[in-house]
Amino acid sequence: MLKISSIKFEQFLLRIIRVGVFLLFLTPLVLVRSTTFPALIPKAIYFRVLVEIVFFLYVLLLLKNPKYLPKFSPLFIVILIYFEVLGFSTWKSINPERSFWGTMERMEGFINFLHIFAFYLVLVGVFRERKDWINLLRFAVLVSIPVGITGILQRMGVEYFFTNPADPRISATLGNPVFYGNYLTLVILLAFFLGITEEKTRLKFLFWLIAIYDSILLVLTATRSAWLGIFSALVFLVFCYLFFTRRKEKERQAVLFGIFILLFFSLLFLLFVKTGILPQNYLIDRYERIWYELVSLKSERFAVWKLGIAAWKDSPVFGYGLESFSYIYDKYYKSSLLEVIPESLFFDRAHNKIIDILVMSGIVGLISYLAVFAVAIFLILKNRKQQPSFFSAF
């Protein structure tokens, strides 16, 4: 009798934990207008409190049955090392308190990374089967639909929550076009993945439709870095598809033809803009400027990158600590930069992930960060015959 009750309690904990994980993927929808940063602080509080509840239940589950401990895989090891490096750089930070707690504008102190790591432990401990991960990814992609609706309303000029309908760039419930663009980048790639791997035709159609829907919204964010990220990811995925999978020649030709069509329409778009066939507006102007900036290397972002590199050279091993970029920006800003960076502008990030990591956690932090991706890709390619999906990395 006691054994049956124990099994039921274990199943109950498992069910509640899984529900909690799904609720965590609703974080992008959380927004409270009455707070200082309506789209940021409520999300952080919601995420952290829910992670703490779920992690507490997970510890109870482990006490009942240790089989839910995460597997000590190569990926787990490099992720653990990365978080340890972040902890050490926080301890050695120029402002340990700020590095630990973060700032209200970002909420990305070490305490946030501790919650992310706890969330990761729960995920890999409880979600063991491919179908569990697929259901979770489906839900994460579906959440982007209501998030996108708020962006569409913003674009239509409907004033809701706190957003400015006159802003030419949409931010939806994320509060910032760049944040929303980064969110859409991940969701679009996941939708592509599901569109390719789903077995049922109606699900394939659904996720391809969502990928197109979110791609249109990404254009309206005018977040150029997100598009560069999407492009780079697709190039990498196509490379892996062509050279690391067994496909029929017709399928390879179809993929190459699709790439050709994409490049053709991209060049056609640029031609239409340059010749004046497409009317100029704010969004088109932002996308057009990216080519000039990439070629000329003249923009405030490139200047900030140089500033970040100069600062990193003075503290190359473990950097200055999390949330320290605003300090080094003040210290290394020179009057000669006024031509590129107006005095009215202020940067608390380099807007370049590599340089941000170098500044905040040094070369050790960057190596450990890149090692996570390198090990994951290696495991996927190594195990592609046994488990032909990215889940093999776990």
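From the backbone N, Cα and C atoms, a Cβ is placed for every residue, glycine too.
Marked as domain 'O-antigen ligase-related' by TrEMBL: 210-370.
According to TrEMBL, the feature transmembrane segment maps to 12-32 (among others).
Sequence-distant contacts of the transmembrane segment (44-63) (same chain, six or more residues past either end, CB-CB distance under 8 Å): 10, 13-14, 16-17, 20-21, 23-24, 27, 30, 69, 107, 111-112, 115, 118-119, 121-122, 125-126. Residues or ranges marked as transmembrane segment in TrEMBL: 44-63 (among others).
Here TrEMBL flags 75-94 (among others) as transmembrane segment.
Sequence annotations record features per position, and here TrEMBL assigns transmembrane segment to 109-127 (among others).
Proximity of distant same-chain residues to the transmembrane segment (139-158), defined by a Cβ-Cβ separation under 8 Å and at least 6 residues beyond the stretch ends, is recorded for 22, 25-26, 28-29, 165-167, 170-174, 180, 183-184, 187, 190-191, 194, 207, 210, 213-214, 217, 220-221. Annotation source TrEMBL lists transmembrane segment at 139-158 (among others).
Sequence-remote contacts of a segment are chain residues at least 6 beyond its ends whose Cβ falls under 8 Å from one of its Cβ atoms, and for the transmembrane segment (178-196) they are 28, 39, 134, 137-138, 140-141, 144, 147, 151, 170-172, 203-204, 207-208, 210-211, 214-215, 217-218, 221, 223, 225-226, 229-230, 233, 237, 390. Residues or ranges marked as transmembrane segment in TrEMBL: 178-196 (among others).
For 203-220 (among others), the entry in TrEMBL reads transmembrane segment. Here the transmembrane segment (203-220) has Cβ contacts under 8 Å with residues 138, 141-142, 144-145, 148, 151-152, 155, 169-170, 172, 180-181, 184-185, 187-188, 191-192, 194-196, 226-227, 230, 283 of the same chain, all six or more residues outside its ends.
Look at TrEMBL and you will find 226-244 (among others) tagged as transmembrane segment.
According to TrEMBL, the feature transmembrane segment maps to 256-273 (among others).
Sequence-distant contacts of the transmembrane segment (357-381), counting only residues of its own chain at least 6 positions beyond either end whose CB sits under 8 Å from a CB of the stretch, comprise 73-75, 78-79, 81-82, 85-86, 89, 240, 244, 308-309, 311-312, 315-325, 328, 350, 389-390, 392-393. Taken from TrEMBL, the feature transmembrane segment applies to 357-381 (among others).
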Distant-in-sequence neighbours of the transmembrane segment (109-127), which means Cβ under 8 A and at least six residues beyond its ends:
14, 17-18, 21, 24, 44, 47-48, 51-52, 54-55, 58, 61-62, 68-71, 76, 79, 83, 86-87, 90, 98-103, 133, 136, 322-323, 394
